[in-house]
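Quick look at what TrEMBL annotates:
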- 1-26: region 'Disordered' (REGION)
- 10-20: compositional bias 'Basic and acidic residues' (COMPBIAS)
- 64-415: domain 'Orn/DAP/Arg decarboxylase 2 C-terminal' (DOMAIN)
- 69-322: domain 'Orn/DAP/Arg decarboxylase 2 N-terminal' (DOMAIN)
- LYS92: N6-(pyridoxal phosphate)lysine (MOD_RES)
- GLY274, GLU316, PRO317, GLY318, ARG319, TYR417: pyridoxal 5'-phosphate binding site (BINDING)
- ARG319, ARG356, TYR360, GLU388, TYR417: substrate binding site (BINDING)
Amino acid sequence: MSRVHPAGPRHADVLPEDHPLPPAEDLNELDPLIWPRSARRDGAMTVAGVDVRDLAQEFGTPLYVYDEDDVRTRAREYAAAFADGDVHYAGKAFLCTAVARWLNEEGLGLDVCSGGELAVALAAGFPTERITLHGNNKSVAELDRALEVGVGRIVLDSFEEIARLGYLAQERGVRPKVMVRVTTGVEAHTHEFIATAHDDQKFGFSRSSGAALEAVRRVLALKQLELVGLHSHIGSQIFDADGFEVAAHRLAELLVAIRDEHGLELPELDLGGGYGIAYLPGDEPIDPKALADSLHEIVGRECRSYGLAMPRLTVEPGRSIIGPGGITLYEVGTVKDVEGLRTYVSVDGGMSDNLRTALYGAEYTCVLASRESGADATLGRLVGKHCESGDIVVRDVWLPEDLAAGDLVAVAATGAYCRSMASNYNHVPKPAVVAVRDGGARVIVRRESDEDLLRLDAEVEA
Ligand SMILES: Cc1ncc(COP(=O)(O)O)c(C=O)c1O
Ligand SMILES: N[C@@H](CCCC[NH3+])C(=O)O
């Protein structure tokens, strides 16, 4: 028999049977790099002083729980690190009006990539001049709404869009600030589906084919658009600076080409998001201050070498602000020991509230949260309640042998791209979202009900 090691090396590394199980006490530990900053354990787990058993009792499970101070602190750390630039939180990671308000209060801008995200920002009273609109296929209605409310910047992604926006701006008699999104050809070290700057994908204007410079020409030809800079986003969950360095170098070359051709030095550079967080023990999250120092150094060096003034830098972190402060609480429903292999622990949610494991083979860790256990470890797999074998939340994890129905399990670092990519597969309503702070909890997004799901069914019996 062989065992699959749950904490790396990555992706199903098979270990011999005599591989030592971790000591029982390790199963109760909460690695501070992975769990929300206020997560503690005193028998049961608490977050911001709130006992997870009380959360489950009051709000039900599955439940997304956000440590508000964790999110605010990370936002503040980014704002301080990029004090001479701009930090635009990427709302796609998770957005609701409460989160938009927190980030506004912490002085951040907001990146939205749809009319829906823009609507949430507006509902939260987010200052429109600090909103950037993204997207590779924005509709005419989305572009026009952005002009109507006066968003701060629109990032242009296609030739059709340049023409559309020019026309719409003229119709409205406005002159929006725009950026040109550049595909720098960087191969980011991350999952294929979340790398966004290699040539063979859908985003932006290719640098290598000359499309980026042609886009700049067309924008400048339209007096109705104010070109303020270039944008690049190389991908998501990236840990090393190499990709950003290559992207900065290629962007600087473009800035020079634009200066030489048009006599214009663009004042802004948006380097996107993508900064990695810890999901498993041993992952080393990117520190905002170190990131800021390194990006300033890289861009500064490139600009100096070409005799360009240092542009104002913007970054668009999503995951690294909202991810680590969020956990998901589930209740265990069944425990099946598959002799000689592993224990399947089924919980009351799954791929409808966290698609990342099924979609990207993403790795998570989880703990028994409603109590401490002194039982020996067993190799577990946390699975959901959906009709798919791939409905896995945590692929490989050591769990206490006495884990049983009724226990609560908490999955770490689910704050980003879980609620925002949730679905109603199998007509399962989306869980509620709760914020915890100073010993108190409040619902920030209500749980869906069967009635919510039926409301849109046009032929339901009255
Ligand atoms: C244009 C853009 N900016 C920012 C982000 C945020 O990325 P992350 O959440 O990895 O920081 C994304 C998503 O990858 C994006 O597409
Ligand atoms: N949704 C992805 C990241 C892509 C973000 C958008 N460009 C994730 O869960 O990791």
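Using N, Cα and C of the backbone, Cβ positions are placed for all residues, glycine too.
Mapped onto this structure are the features recorded in TrEMBL.
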{"residue": "LYS92", "record": "N6-(pyridoxal phosphate)lysine", "Cβ contacts under 8 Å, 6 or more apart": "ASP111, CYS113, GLU117, GLY318, TYR417, SER420"}
{"residue": "GLU316", "record": "pyridoxal 5'-phosphate binding site", "Cβ contacts under 8 Å, 6 or more apart": "VAL87, HIS88, TYR89, ALA90, ASP111, THR132, HIS233, ASP270, LEU271, GLY272, GLY273"}
{"residue": "PRO317", "record": "pyridoxal 5'-phosphate binding site", "Cβ contacts under 8 Å, 6 or more apart": "TYR78, VAL87, TYR89, ALA90, GLY273, GLY274, TYR275, PRO288"}
{"residue": "ARG319", "record": "pyridoxal 5'-phosphate binding site", "Cβ contacts under 8 Å, 6 or more apart": "ALA90, ALA93, SER236, GLN237, GLY273, GLY274, TYR275, GLY276, ILE277, ALA416, TYR417"}
{"residue": "ARG356", "record": "substrate binding site", "Cβ contacts under 8 Å, 6 or more apart": "ALA362, TYR364, TYR417, CYS418, MET421"}
{"residue": "GLU388", "record": "substrate binding site", "Cβ contacts under 8 Å, 6 or more apart": "MET351, ALA358"}
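For TYR360 (substrate binding site), the count of additional Cβ atoms within 10 Å of its Cβ stands at 16 [all protein chains shown]. Counting Cβ atoms from all protein chains shown, TYR417 (pyridoxal 5'-phosphate binding site) has 24 others lying within 10 Å of its own Cβ. GLU316 (pyridoxal 5'-phosphate binding site) falls outside any helix or strand according to DSSP and counts as coil. By neighbour count, meaning other C-beta atoms within 10 Å, the densest spot among the binding-site residues GLY274, GLY318 is GLY274. DSSP assigns GLY274 (pyridoxal 5'-phosphate binding site) to coil in the three-state reduction, outside any helix or strand. In the three-state DSSP assignment, the secondary structure recorded for LYS92 (N6-(pyridoxal phosphate)lysine) is helix.
Close to the recorded pyridoxal 5'-phosphate site, the chain also has ALA90, LYS92, ALA93, SER236, GLY273, TYR275, SER320, ILE321, GLY323, ALA416: residues not among GLY274, GLU316, PRO317, GLY318, ARG319, TYR417 whose Cβ is within 8 Å of the site's Cβ mean position. When the binding-site residues PRO317, ARG356, TYR360, GLU388, TYR417 are checked against ligand 1, PRO317 have a Cβ within less than 6 Å of one of its atoms. According to its DSSP assignment, TYR360 (substrate binding site) is helical. Ligand 2 lies under 6 Å from the Cβ of ARG356, out of the binding-site residues GLY274, GLU316, PRO317, GLY318, ARG356.
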